[in-house]
């Protein structure tokens, strides 16, 4: 009876969340919004100053186009210009190595098969809510003509506390690099064993030593232009891994009597039961936060969009987050239904070294993560340099970045040597930092924009009043997620 009541409660919760999310999407995805929309909602001609985009730090997102390109406020199809290019880049940022930990997070919370369905829906709901707060940052960039997360906070909340979101963002990017270092360690070990390398060469010590020569040159890159086209191959790798996990589950190759079942130890074989730990679902929710934390890049994507408008940015946002949610939910469900309670914190560790398709998935994941690593390091180093910008000359910045590269690689490889599982880092990055970056900072920035309008004597429209209330509710939820997650 308790299990049945829980099932009813979960169903009612999901229906309520979907209803709210549906309202958010219809309220935000307004494709009639065009460049030059003024405070009072009337369209006015834009000045030449507002038509110019500031320098884009990551040229990889612009496909090698020059800096400072001007924008045309022409009426074009939402999928023309660089929309597809940016959508690919945003999807790749969202669908990183963190999606591989979701099955393990679900296995901590339950070993009941049917719970995979509501958990998948919950993953999608968090994707939509995260898209909503991401779109708030684009709207705030449009209202304040801001080009960075720190600039958004300074103009809408307070310049005195601008260090707060900056610190949270560069701390998160460092934790992402730490997680990626552990994933690279596991992928390298599995690949070495798969090709028949002796156990000694595939030991943790040997692999950690190899990683120095992989990660340090990537972090010391002077230009990221060589990574301009890695988003496409990275997305292919993510889709291949998801398709592989679904294929293995459907074929039942790891189920009792399957092709690889006899090769598994007792602790690796699929196991299911009737246990549900609601407290552990909060850990799974913190993992969802970690999957959708790309909000520090929202200003860059907004100003890279050409032609730029709120409607086009919302289309980019909701499309990318929906794709990421589907991939994350699909990979989580397929992995959990294949291994159940014994799902590892890194899903690919569950598959046997003699599984050739799994070897391909590990190789694809390794390449994808290696290409993403310098981008996350760039976010980490830029955040620290921005905090100390008033003390650094232009010639000192590259020196500081190089020093940070050596320090971060050394610390992360030490963590990869000491830690066996990703769970600790994933929970830390998702619970407190994730709640702040996704559900606390964006609504605070948006509410600050609207309060600034009020102080200037401009009356808010009915839609803006509703969005203010929505941001306030999102802020409360974010605080609750941070406290209890």
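Here the Cβ of each residue, glycine as well, is placed from N, Cα and C on the backbone.
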**Request:** Choose the correct range: of 53-74, 119-140, 251-272, which one does TrEMBL annotate as transmembrane segment? Give that range.
**Result:** 119-140
**Asked** Do at least three C-beta pairs under 8 angstroms join the transmembrane segment (466-484) to the transmembrane segment (119-140), pairs 6 or more apart in sequence?
**Response** yes
**Message:** Using a cut-off of under 8 Å between C-beta atoms, tell me which stretch among 119-140, 191-215, 360-388, 400-418 contacts the transmembrane segment (315-340) the most.
**Reply:** 119-140
**Message:** Could you check whether the transmembrane segment (360-388) and the transmembrane segment (119-140) come into contact, where contact means at least 3 Cβ pairs under 8 Å with the two residues of each pair 6 or more apart in sequence?
**Reply:** no
**Asked** Which stretch from 86-107, 119-140, 191-215 shares the most C-beta pairs under 8 Å with the transmembrane segment (160-184)?
**Response** 86-107
